[in-house]
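Visitor: Submitted below is the structure of interest, expressed as structure tokens.
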Ligand SMILES: [Zn+2]
């Protein structure tokens with residue numbers, strides 16, 4: 001009997017051990033495959049000014065979850081070195097270099113020292129580099145990934161540095177690439193001409209972008225910022241999705257992979273104007289670019305897509321005005337920005353009713369009409385009427401300090417789970433890419 005028990009015990013022990021061993025094998029194989037999983041390509045996307053309230057309002061506007069929703073992995077803290085409320089320069093410097101800096105500074109710490117960006121580290125690995133934005137390409141967010149200046153206003157300096165780093169640059173800001181003698185800003189150099197001589201194909205509208213060939217393309221589609229998506233039909237500008245698609249088509253030809261930065265710049269602009277329809281439409285435009293990037297990543301299998309806002313703009317709320325609902329569907333009838341509608345007003349603003357009916361699908365009340373006619377700023381008044389009717393609340397024309405959502409998809413995306421500081425992001429990206437970004441804390 002004793003022998004039998006021992007035999008059974010041993011048998012059970014062997015069985016347990018073999019199950020455990022099998023599971024251990026499974027776990028170690030999964031861990032090994034995770035540690036082997038390497039992002040050859042990175043598409044880093046920044047919806048400037050986007051907060052959880054934008055995400056929630058956009059879901060109501062769209063009527064279903066967004067493409068981003070299924071990729072949510074965490075949140076990001078946004079404060080800068082000198083303020084609880086960051087600007088885009090300090091936020092993007094943190095996300096690009098891993099260092100906090102003062103508002104307004106680009107690619108440098110408050111002591112003035114230049115800090116390497118994740119884009120520069122990727123370049124050192126032989127990766128092709130792309131920058132896409134709907135603001136000037138020299139604006140703070142793309143600038144902080146690709147240049148080092150003391151002030152975000154030094155946009156011609158930024159342009160010169162960007163041309164040393166990036167193979168593809170698509171956005172606005174043509175005036176910072178032209179000399180003052182040709183109507184340009186800040187410089188005597190003709191960077192457009194220099195770019196052509198160095199082999200860039202230079203394009204200035206949607207059709208030219210579509211047909212552009214070559215491995216280096218400089219696309220400047222507006223003198224300054226590009227148009228809001230709501231007003232783009234009145235221009236020859238490409239959409240964010242079209243620019244993102246073209247950039248991927250060009251960059252993917254490189255054998256060592258690529259790093260593409262894409263900014264949905266106009267979400268922030270909408271927030272600064274408290275323009276709810278513009279905010280939702282540019283979020284939709286950003287989502288379309290995300291959808292394209294994600295599809296590429298799904299098919300490619302070696303591409304990490306990371307989406308991180310840099311800060312909230314406007315202190316948007318879902319609902320407000322002492323009402324107990326939200327009416328985002330009102331915004332689907334709006335077909336122009338407040339900026340555009342204001343330009344359509346006569347000098348005496350006698351056509352407020354006609355303009356709001358034509359572009360916003362709204363029959364304004366006499367009270368609303370009088371408020372717009374008498375307002376110190378007609379655009380703010382128009383945006384207020386539309387925000388109030390859609391029950392989208394705003395708290396400021398500036399940024400706020402709330403945490404913003406973080407999304408990731410593809411190899412290494414599991415690294416991004418949780419609450420991060422914005423300075424963590426380049427280190428997590430470098431881990432996913434398996435490249436050295438010089439911080440022990442993040443080494444495997
Ligand atoms: Zn801003």
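Cβ from N, Cα, C; glycine included.
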Visitor: Using only what TrEMBL says about Zn(2+) binding by 48, 268, 272, 310, 311, identify which of 148, 395, 399 is listed for that site too.
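Guide: Among 148, 395, 399, only 399 appears alongside 48, 268, 272, 310, 311 as Zn(2+)-binding in TrEMBL.
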Visitor: Which one is it: of the binding-site residues 272, 311, which Cβ has the fewest other Cβ atoms within 10 Å in this structure?
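Guide: Looking at the binding-site residues 272, 311, the Cβ with the fewest others within 10 Å is that of 272.
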Visitor: Looking only at Cβ atoms, how many others are within 10 Å of the one on residue 310 (Zn(2+) binding site)?
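Guide: 29, counting other Cβ atoms within 10 Å of residue 310 (Zn(2+) binding site).
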Visitor: Counting distance between Cα atoms, which of the recorded positions 88, 139, 263 is nearest residue 310 (Zn(2+) binding site)?
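Guide: Ranked by Cα distance from residue 310 (Zn(2+) binding site), first place goes to 88.
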Visitor: Taking just the CA atoms, what is the gap between residue 48 (Mg(2+) binding site) and residue 311 (Zn(2+) binding site) in Å?
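Guide: It is 7 Å, counting Cα to Cα.
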Visitor: What's the number of neighbouring CB atoms sitting within 10 A of the CB on residue 139 (Mg(2+) binding site)?
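Guide: There are 27 such Cβ atoms around residue 139 (Mg(2+) binding site).
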